[in-house]
Amino acid sequence: MICIECGYSNIDCLYSKYKSDYIKLSVCPECNKIADKYIEYDSVILFLDILLLKRQAYKHLAYNLTEMEMEIGSSTNFHINDNTNFKFFHTYRKLMKLIFMILSFEVYLTWANEEKLLIHSQLINLIFNQSVVYQYLFFIIKSSLENLILNLSLQLILRLGYKWGQGPQKINGNIRDKELFGYKTSVLLVTTMVSGSIRLFPILMFIWPYDNISITKPLINLIAFINIVEALRVVTSLGYVELILSLAFSIVIRNIVSKSLLVLIVRLFLDFNFTEVYYNEMYQLYSQIQTYIRWI
């Protein structure tokens, strides 16, 4: 566990429980403040503080909740070989449920927004000519690919490029070396997914509709970008320049790779001119970049 106030990374436990069910919160030996006040806070308060980008709330979520989830997952029986990647999904199954929920909302939102647009790319026109099942599968694959590529790129850049979590001091002194890789992966993953989930707020627009989606979507994406950068700064302690460049580069990689793979996957099932549709997707991406530049 870590202290969410000063970042001290060798807190043995966040609270002590006595026979009378009396709970005493641990005090950080470095700053002499309560190591993690959110242990006794309601989840709603934590959610609101995360929306407000409070530093302590994000450290509690990314570091301490992730460690508690890891301890619970590791304590349960797991019959598959320990070397398999399935152990990660078993250990962090609550994180996997959170990602699944975010993806489910994102699929619905992306699908609904595309239907509301008057002009679509050639690929989307091809998809909308298919049955609802094929459309649903397409948007599931689209959202999954985009999130996978974005998070993978960001993990590689921050951990290999900027050496986050590789210094002489561990980011969490309680984590064993063999569990450190999965823990660091989860810390960055939960930070990026939760801070980026602000993109889901336009779901409210289906209740209170806005007139111009083409303006609203770039604005929401820009807010999400700022939100992710600020959350990553709190969790990783890297500078704004490094994080802005890392996230921007990861988004470009995500868009290029995901669009290319989507065209390739759809081509396996539908007959169309691959080159024409691919260049149309790249042109759409170029237009989006120009839109964001105008917003900035």
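For all residues, glycine too, the Cβ spot is worked out from N, Cα and C.
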Out of ASN151, ASN212, which residue gets the N-linked glycosylation site annotation in Swiss-Prot?
ASN151
According to Swiss-Prot, which residue among ASN64, ASN129 is annotated as N-linked glycosylation site?
ASN64
Taking residues 6+ outside the transmembrane segment (212-232), which of them lie with a CB under 8 Å of any CB in it?
53, 58, 113, 116-117, 158, 188, 191-192, 194-196, 198-199, 201-202, 205, 238, 240, 243-244, 247-248, 251, 288, 291-292, 295-296
DSSP on ASN151 (N-linked glycosylation site), three-state: which is it?
helix
For ASN64 (N-linked glycosylation site), name the DSSP secondary structure in the helix/strand/coil scheme.
helix
At 10 angstroms around each C-beta, which of the glycosylation sites ASN64, ASN151, ASN273 has the fewest other C-beta atoms nearby?
ASN273
